[in-house]
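All remarks here apply to the structure that follows.
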């Protein structure tokens, strides 16, 4: 398996996204049984569907046949991923530049609200952005995430009030 410096190594994902080792393990096992057949992209698509089902969400048939990139660049991935602190207007613009509608943006963003995140990734939104967040939700997040920068940055808090 070729190691590429790509999306998982961008500053936005570094020390934030977890679980790569699970995907890497699955890919390794699949490669030992049928080399060069199943892509990481397909494994991620199936894992995303299974994660949705595991937390009581919907299921769907995953169309297989995606191909992994043979080349990659850290700057290309960084330029194509949004920043954690981008405004709604900026997100709509970025998704639109890729041919994706606001509706798709909401669906894709919503799929990233399952589980937990480090407080540092949303601290500014729960303390300093009172007009764009439900006050009750912000209050529940504040109990786990102190406002002092550096103090509690690595604490984990649920991204929603329903899923584990």
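Cβ coordinates come from backbone N, Cα and C, glycine included.
TrEMBL: automatically predicted annotations, no manual curation.
The structure displayed is predicted, hence computed values, not measured ones.
Marked as Ca(2+) 1 binding site by TrEMBL: 7. For residue 7 (Ca(2+) 1 binding site), applying a Cβ distance below 8 Å and a minimum sequence separation of six or more within one chain yields 13, 72, 77, 81.
Annotation source TrEMBL lists heme b binding site at 112. In sequence order, 159 make up the list of same-chain residues 6 or more apart from residue 112 (heme b binding site) whose Cβ falls under 8 Å from its Cβ. When secondary structure is read from DSSP and collapsed to three states, residue 112 (heme b binding site) falls in the coil class.
Summarising the annotation, TrEMBL assigns Ca(2+) 2 binding site to 113, 160, 163.
The annotation disulfide bond is assigned in TrEMBL to 119-145. Residue environment of residue 119 (disulfide bond) contains 21 other Cβ atoms, counted within 10 Å of its Cβ in all protein chains.
What TrEMBL lists as domain 'Plant heme peroxidase family profile' is 1-164. When pLDDT is averaged over the domain 'Plant heme peroxidase family profile' (1-164), the result is 82.
Between the CA atoms of residue 145 (disulfide bond) and residue 160 (Ca(2+) 2 binding site) there is a gap of 14 Å, rounded to the nearest whole number. Cα-Cα distance from residue 113 (Ca(2+) 2 binding site) to residue 119 (disulfide bond): 14 Å (rounded to the nearest whole number). For residue 160 (Ca(2+) 2 binding site), applying a Cβ distance below 8 Å and a minimum sequence separation of six or more within one chain yields 113, 114.
Counting neighbouring Cβ atoms within 10 Å of each of the recorded positions (113, 145), the lowest count belongs to 113.
In the three-state DSSP assignment, the secondary structure recorded for residue 145 (disulfide bond) is coil.
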